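Chemist: Structure below; questions to follow.
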């Protein structure tokens, strides 16, 4: 199917079959579409509403074209904490901080991420502020995971085919299909994920996409306060994919043994602010930031198999911060990226 035919279909509110979506998305990702066609397609898909089958097909193309990171067969518990972003709440870099706590707890992490698109600080922005080198080869990223238990998969380096859609995405300035399929396309093939989404209506569908793609254990989350993380200020809706089955439920901060706090206690003005909060939490200060990081790192420890349930995952995450293990893992990561870049 060519793009013109696809545009005609979606403007008539008709869904694309998996084969049709695969063909269209491959055309976009290999430079066969004009900027106007790409922009029209993305807006048309958003207005129509992306289906599970369409998202799965798009993610499969992204995975196929990605620059892979091969960590070997010993890392079957590999976890990613990358979310969609786009919640516009301006909180600290929770998923990035959670990655280092999780790695300190013995679970290998392939943290997929980028610079800020909608938030005040993206994963890449934060890690550069820490002094890390992000522009590493795939082999160097894999080696970083082997040495430190965590590596950063900088999206522009691993999804170079995305360059064809960068211009239209920036000019559109709104959430598109790419926000949804990016976190579904981990270049290291992580089959375990904590994945925050920007709207509650996407919790179940994204879990269904990962079910179709063969993931092992995933929590897709969105909080009632709008946060695309597990929140300390409101209940969080979760779709859990495990053993091929999806279960939906809601957890409160109290359910997880968390101290509730308003989101303004974890709101940042920029990257420096975020880093200061994370360093304070990693030094053992029982601030709201520690609770928010523990909530999400605890979930990642759970999907990685290091905790039997969410509540005990949260307890373990706190221990890893108060003991200094998370801070040490971050320091080792920064030093290792510099060494591998030489």
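The backbone N, Cα and C atoms fix where each Cβ goes, and this holds for glycine too.
The annotation 5-phospho-alpha-D-ribose 1-diphosphate binding site is assigned in Swiss-Prot to 83, 86-87, 91, 93-96, 111-119, 123 on the grounds of sequence analysis. Taken from Swiss-Prot, the feature anthranilate 1 binding site applies to 83, 114. Annotated Mg(2+) 1 binding site per Swiss-Prot: 95, 229, in sequence order, evidence recorded as sequence analysis. What Swiss-Prot records for 169 is anthranilate 2 binding site. What Swiss-Prot records for 228, 229 is Mg(2+) 2 binding site, and it gives sequence analysis as the kind of evidence.
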Chemist: Report, as a single number, how many Cβ atoms besides its own are within 10 Å of the Cβ of residue 228 (Mg(2+) 2 binding site).
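Modeler: A count of 26.
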Chemist: Please compare the binding-site residues 91, 95, 114 by how many other CB atoms fall within 10 Å of each one's CB, and tell me which has the fewest.
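Modeler: It is 114 that, of the binding-site residues 91, 95, 114, has the fewest other Cβ atoms within 10 Å.
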Chemist: How would DSSP class residue 115 (5-phospho-alpha-D-ribose 1-diphosphate binding site) in three states?
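Modeler: In the DSSP reduction, residue 115 (5-phospho-alpha-D-ribose 1-diphosphate binding site) maps to coil.
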Chemist: Let's check the environment of residue 112 (5-phospho-alpha-D-ribose 1-diphosphate binding site): how many other CB atoms sit within 10 Å of its CB?
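Modeler: Taking all protein chains shown, residue 112 (5-phospho-alpha-D-ribose 1-diphosphate binding site) has 30 Cβ neighbours within 10 Å.
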Chemist: Given the binding-site residues 115, 169, and counting only Cβ atoms in the protein chains shown, which has the most within 10 Å of its Cβ?
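Modeler: Result of the Cβ crowding comparison: 169.
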Chemist: Applying a 10 Å Cβ distance cut-off over all chains shown, what neighbour count does residue 229 (Mg(2+) 1 binding site) have?
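Modeler: Step by step: centre on the Cβ of residue 229 (Mg(2+) 1 binding site), count other Cβ atoms within 10 Å, giving 26.
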Chemist: Have a look around residue 83 (5-phospho-alpha-D-ribose 1-diphosphate binding site) and count the other CB atoms within 10 A of its CB, chains all included.
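Modeler: Residue 83 (5-phospho-alpha-D-ribose 1-diphosphate binding site): 29 neighbouring Cβ atoms within 10 Å.
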Chemist: Between residue 115 (5-phospho-alpha-D-ribose 1-diphosphate binding site) and the residue listed as 'anthranilate 2 binding site', how far is it from one CA atom to the other, in Å?
Modeler: 14
Chemist: Within 10 Å of residue 229 (Mg(2+) 1 binding site) (Cα-Cα), which of the binding-site residues 112, 114, 169?
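Modeler: So the list reads none.
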